[in-house]
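Peer 1: Quick one: this structure, given as structure tokens, is what I'll be asking you about.
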Amino acid sequence: MADFSPHHSLLLKATAAGAAIATTNDPNISSFFLYNHSHGSQAPQPANAAAAAIVEDASLESSVSAVLDTSPSVDRKRKAAEDSAHSKDSCKDGKSRRGKKASKEVEEKSTTEDEPPKGYIHVRARRGQATDSHSLAERVRRERISERMRMLQALVPGCDKVTGKALILDEIINYVQSLQNQVEFLSMRIASMSPVLYGFGMDSDGLHDQKIGGMFQEALAMPNPVLNQSSPAPSQAIMDTTSTTSYSLQSQHGAISFSQDNGSYLMQAVGEPRQQEMLNQLVFNNMCSFQ
């Protein structure tokens with residue numbers, strides 16, 4: 001222990017530093033430390049300078065390694081940005097393609113809907129109407145019925161202003177009933193005139209064409225003054241015949257004149273006032289009983 005001088009402590013420190021730096025594999029530094037170890041305390045100051053230089057080299061290496069470590073991160077960021085840009089472009093392309101496909105499909109559907117298939121009658125149905133064959137036949141039948149209704153509506157006076165099939169049918173029924181009543185009234189009036197024919201000595205079968213024609217021929221054989229007789233209060237009756245001339249007859253109680261208009265005979269009975277009053281009363285009673 002007495003052999004060591006105060007400089008031996010520096011040598012020990014130098015040897016320790018040399019052992020620590022030996023891992024750097026620098027031949028110059030190792031030779032320098034070996035030189036210091038061999039010469040002892042002759043150069044302690046250069047050893048401290050070498051240690052400082054080693055520390056600076058280590059800091060430089062650490063900074064270089066840090067720079068080298070940061071460079072891959074920048075590359076990664078660039079790659080990520082490029083990948084995101086590519087992904088956005090691909091998404092846009094995909095959307096555009098999908099939009100084009102959808103537009104093409106819509107156009108194809110519209111063309112197929114506009115063009116009806118061959119061998120099929122295209123009918124645009126209204127609301128509540130079908131397009132099958134049965135429904136088409138039903139539509140045709142209803143159109144024919146509506147045409148007939150319009151014809152009936154034109155025949156009935158005052159029916160053009162009525163709207164609705166039910167109301168139109170009611171108007172037509174009322175009009176037909178009124179016509180039926182008029183026909184019945186006329187038939188009753190003609191039937192009421194048959195006793196008048198009996199009163200003048202005429203047979204009930206005298207309404208036939210042959211007998212009336214014979215009476216007209218007899219009337220033609222009479223002189224003109226008799227044919228021209230007239231009366232201020234005539235009574236009339238209608239009888240259907242086929243003759244086309246006008247005649248005048250004379251009986252015991254007065255004169256009877258016949259005239260024809262479009263296939264119908266008009267009879268005028270000219271006689272005493274009493275018979276005329278009875279005839280008018282009979283016609284009036286028949287009219288009242290009918291009403």
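Glycine too: its Cβ is placed from the backbone N, Cα and C atoms.
Under the heading region 'Disordered', Swiss-Prot lists 65-120. If you look up Swiss-Prot, you'll see 80-117 marked as compositional bias 'Basic and acidic residues'. The annotation motif 'Nuclear localization signal' is assigned in Swiss-Prot to 125-132. Look at Swiss-Prot and you will find 129-142 tagged as region 'Basic motif'. Per Swiss-Prot, the feature domain 'bHLH' maps to 129-179. Under the heading region 'Helix-loop-helix motif', Swiss-Prot lists 143-179.
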Peer 1: So what's the mean pLDDT when you look at the domain 'bHLH' (129-179)?
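Peer 2: Computed over the domain 'bHLH' (129-179), the mean pLDDT is 85 on the 0 to 100 scale.
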Peer 1: With DSSP as the reference, give the number of residues of the region 'Helix-loop-helix motif' (143-179) in helix, strand and coil.
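Peer 2: Helix, strand, coil within the region 'Helix-loop-helix motif' (143-179): 28 helix, 0 strand, 9 coil.
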